[in-house]
Amino acid sequence: MARDKIALIGSGQIGGTLAHLVGLKELGDVVMFDIAEGIPQGKSLDIAQSSPVDGFDAKFTGANSYEAIEGARVVIVTAGVPRKPGMSRDDLLSINLKVMEQVGAGIKKYAPDAFVICITNPLDAMVWALQKASGLPHRKVVGMAGVLDSARFRYFLADEFNVSVEDVTAFVLGGHGDTMVPLVKYSTVAGIPLPDLVKMGWTSQARLDEIVDRTRNGGAEIVNLLKTGSAFYAPAASAIAMAESYLKDKKRVVPVAAYLNGEYGVKDMYVGVPVVIGDKGVERIVEIELAGKDREAFDKSVAAVQGLVEACKKIAPELLGH
């Protein structure tokens with residue numbers, strides 16, 4: 001049986017980390033694509049040379065032509081300019097929109113059967129544009145946001161309670177940005193919801209609110225600390241978890257930016273919601289009931305994404321023709 005082929009579009013920090021993780025987890029052969037000559041080839045060779053030490057068998061190829069991604073089962077897209085300090089996600093819009101159009105055309109031509117995971121920011125708008133440009137079925141194109149945001153929330157909670165991260169589940173909905181919605185009542189430690197832990201005296205509501213805020217600003221906190229660049233270890237690990245659920249038909253329930261067509265009262269937009277990922281892609285959208293403040297926060301988040309999508313339509317009206 002031939003190994004699966006995994007294509008990585010963009011060979012920056014996330015791209016390199018993705019390639020390394022694919023090797024370590026033996027998920028398949030890797031093609032790293034980038035417009036910069038030498039970078040994907042150099043990183044591929046470097047990672048390939050670590051394989052005898054770590055004991056994984058995989059072929060790593062660097063390429064500057066989309067032809068190399070032909071037949072990929074999974075395509076993970078990180079191409080685009082990164083966010084710099086002081087730059088809003090929206091500033092990235094027009095630059096990265098053009099990149100998505102080019103990437104989408106490459107996927108359409110060479111990997112039309114792939115499961116596509118977008119990581120490029122501003123995430124919810126970019127995954128929408130990528131689906132339009134590629135013409136792939138909505139269930140086969142998703143955005144990586146919620147897994148990362150939930151991981152940050154889980155890490156902060158585990159740290160606060162001094163318990164294993166494995167015993168903390170957390171739920172983050174909405175757009176990938178300052179308006180994301182970490183749902184406290186659906187987040188648990190060993191199955192005990194956070195509001196109950198407040199009653200048990202494990203923490204206070206005020207402290208939980210601080211952790212929610214820190215989660216919202218998780219990406220910006222790292223950007224400000226690094227000064228040059230943004231997070232790449234946790235985003236890469238998050239995308240790999242999604243890819244693995246697809247490749248192995250694990251049917252994991254994970255929050256991703258998924259296409260909504262009526263669910264949660266949202267139409268023709270990608271928004272972060274819990275879904276089941278199996279070998280058909282997004283196999284089910286989990287529609288939980290939202291009320292009160294949670295519903296308000298979710299609607300606000302959706303409105304922020306809607307604003308970005310409308311801006312995309314103005315910048316690139318040709319996407320609507322796809």
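Backbone N, Cα and C atoms are what each Cβ position is placed from, and that goes for glycine too.
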Additional site residue, D34, D46, D149, D159 [criterion: listed by Swiss-Prot with G10, S11, G12, Q13, I14, G15, N96, I119, T120, N121 for NAD(+)]: D34
Sparsest-packed among the binding-site residues, when each Cβ's other Cβ atoms within 10 Å are tallied, from G10, G12: G12
Alpha-carbon spacing, R152 (substrate binding site) to G10 (NAD(+) binding site), which is rounded to whole Å: 24
Secondary structure at G12 (NAD(+) binding site), reduced by DSSP to three states: coil
10 Å Cα neighbourhood of H176 (active site, proton acceptor): matching binding-site residues from G10, G12, I14, D34, N121: N121
H176 (active site, proton acceptor), number of other Cβ atoms within 10 Å: 29
Three-state secondary structure, H176 (active site, proton acceptor) (per DSSP): coil
